[in-house]
Amino acid sequence: MAKLLSFSNESRESLERGMNALADAVRVTIGPRGRNVVLEKSYGSPDIVNDGDTIAKEIELADPFENIGAKLIQQVASKTKDKAGDGTTTATVLAQAMVEEGLRNTAAGASPIELRRGMEKAVAAVVASLNQRSQSVSGDAIRQVATVSSGGDEEVGRMVAEAMDRVSFDGVITVEESKSLATELEVTEGMAFDRGYSSPYFVTDGDRQICEFENALLLLTDRKISSVTDLVPVLETVQKSGSPLVILAEEVDGEALATLVVNKNRGVLQVAAVRAPSFGERRKAALADIAVLTGGQVISEDRAMTLDKVTMEDLGRARRITISKDSTTIVASDDSKEAVSARVASIKRELDNTDSEYDQEKLNERIAKLAGGVAVIKVGAPTETELKNRKLRIEDALNATRAAVEEGIVAGGGSTLLHISAELDALTSGLEGDQKTGVEIVQRALSAPLRQIAENAGSNGDVVVDRVRNSGEGFNALTGNFEDLMNAGILDASKVVRLALQDAVSIASLVVTTEVVVADKPEPPAPAGGGGDPMGGMGGMDPMGGMGGMGMM
């Protein structure tokens with residue numbers, strides 16, 4: 001494909017235009033009085049959302065150079081979302097402010113490399129101060145963090161706090177759509193473990209990069225599956241039932257994995273493969289625990305069982321299974337409580353009979369996974385559009401509270417970053433030239449989140465920033481008052497603030513040091529014309545491997 005090239009200031013300015021286009025769409029959502037953004041969908045009704053990462057992913061610009069700038073901001077939002085689960089809009093606002101200041105200085109002749117070094121020194125100093133200010137989570141702080149992260153929704157804050165209280169900070173909490181209008185909390189039998197899908201082609205939700213099945217069947221085995229021949233009978237049976245299938249095995253690879261992927265993507269079979277948790281004998285124990293939870297059998301040579309003899313009665317059943325790239329959550333049906341209780345009692349007896357600290361630790365982990373259960377927040381709303389928006393807010397609140405448990409909390413509303421900015425004066429006094437300017441770029445950008453929160457609340461951003469800087473207090477955008485935000489319960493997770501800043505500086509420093517941008521040259525639109533599907537139709541299972549009537553061999 002032919003390429004387009006852009007050089008020097010022209011290249012950086014085109015990147016900035018693209019970054020500004022996306023950032024301006026995202027920044028209106030920050031704070032408790034942030035606005036919504038309407039996203040047109042290729043099918044169905046539009047989405048009305050308040051989530052920075054979701055908005056960023058939907059934006060693509062016509063100009064190829066500007067679109068690269070937009071993709072860079074998307075990367076900021078995506079990285080922050082992946083690592084912290086929240087703070088995407090804060091990261092976007094910070095990155096935009098730093099890029100604007102940085103490019104203004106490079107255009108005036110500043111050294112991009114020295115600017116970057118100064119910016120890196122500044123962010124290190126801010127992170128150190130942030131860690132000193134951070135306080136551990138206690139009392140009502142969980143509810144307050146969740147409320148702030150969900151845009152001031154008190155009900156969401158209360159529900160997230162209750163869910164964490166019911167299953168502990170380390171417990172499994174999931175969010176699903178409710179059949180009713182009400183949003184409810186339910187604690188049910190379930191389990192989570194650190195193993196993800198064997199192939200990204202199993203993903204069913206591209207936005208969240210997860211595979212999610214309702215009322216799924218589970219094939220549990222401690223064997224490695226490479227040949228699809230072993231799976232033919234059970235796959236034929238499952239396809240006739242119309243239920244999704246998740247295969248938990250030592251490993252699924254080769255012909256077996258390729259065939260599953262192809263037929264899943266053709267819509268012939270809803271299927272996913274996951275590597276079983278743990279190793280060796282502990283893997284067998286983990287699979288046995290999952291079998292008890294789901295009412296299935298572990299297909300094992302130790303029990304003289306083979307895959308080609310599997311029946312529907314041997315398969316486990318789960319109300320819902322959610323699989324990400326590195327974790328799996330199983331929500332069991334309600335009729336597994338007695339079996340789980342008996343299994344937990346059996347493991348406790350085993351615990352009483354061992355003196356090994358390592359074995360005791362692993363047995364306690366198994367008990368916690370089985371007995372802890374899964375808290376399910378069922379989200380209800382009058383319309384599908386409102387339901388999606390509310391679900392995103394609850395997921396943000398959950399992620400923020402988990403981050404708060406990890407690294408503590410600081411005063412929210414953008415006030416902490418603004419107050420820390422004053423401490424950078426000591427750093428600039430020991431520097432000179434463009435490194436000093438790099439520190440000042442970050443220092444000025446630290447006021448951007450508070451300024452935008454104030455403007456979204458209908459206040460003058462510059463006036464609010466000056467008053468907060470001089471008073472030492474914070475701005476409560478919900479009430480319009482200036483007060484101690486820690487006492488008012490306006491809290492941010494330290495981890496979210498830290499990662500938002502670090503990711504913003506990372507991208508901004510790269511843009512400042514950019515000299516050339518290379519983009520794909522847009523191809524002219526193809527002439528209109530007919531033609532059949534180049535795939536040639538589904539025709540049942542893919543010929544890579546067949547399955548009786550479905551074409552598998």
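Including glycine, each Cβ sits where the backbone N, Cα and C put it.
Here is what Swiss-Prot records for this protein:
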| type | residues | note |
| --- | --- | --- |
| BINDING | Thr29, Ile30, Gly31, Pro32, Asp86, Gly87, Thr88, Thr89, Thr90, Gly413, Asn476, Ala477, Leu478, Asp492 | ATP binding site |
| REGION | 520-543 | region 'Disordered' |
| COMPBIAS | 528-543 | compositional bias 'Gly residues' |
Thr88 (ATP binding site) falls, by three-state DSSP, under helix
Reading the DSSP string in three states, the entry for Asn476 (ATP binding site) is strand
Looking at the binding-site residues Thr29, Gly31, Asp86, Leu478, the one with the fewest other Cβ atoms inside 10 Å is Leu478
Within the same chain, the residues at least 6 apart in sequence whose Cβ is under 8 angstroms from that of Thr90 (ATP binding site) are Ile30, Thr80, Gly414, Pro449, Val496, Val497, Ala500
Fewest C-beta neighbours within 10 angstroms among the binding-site residues Thr88, Asn476 belongs to Asn476
Between the two most distant Cα atoms of the ATP-binding residues Thr29, Ile30, Gly31, Pro32, Asp86, Gly87, Thr88, Thr89, Thr90, Gly413, Asn476, Ala477, Leu478, Asp492, the distance in Å is 20
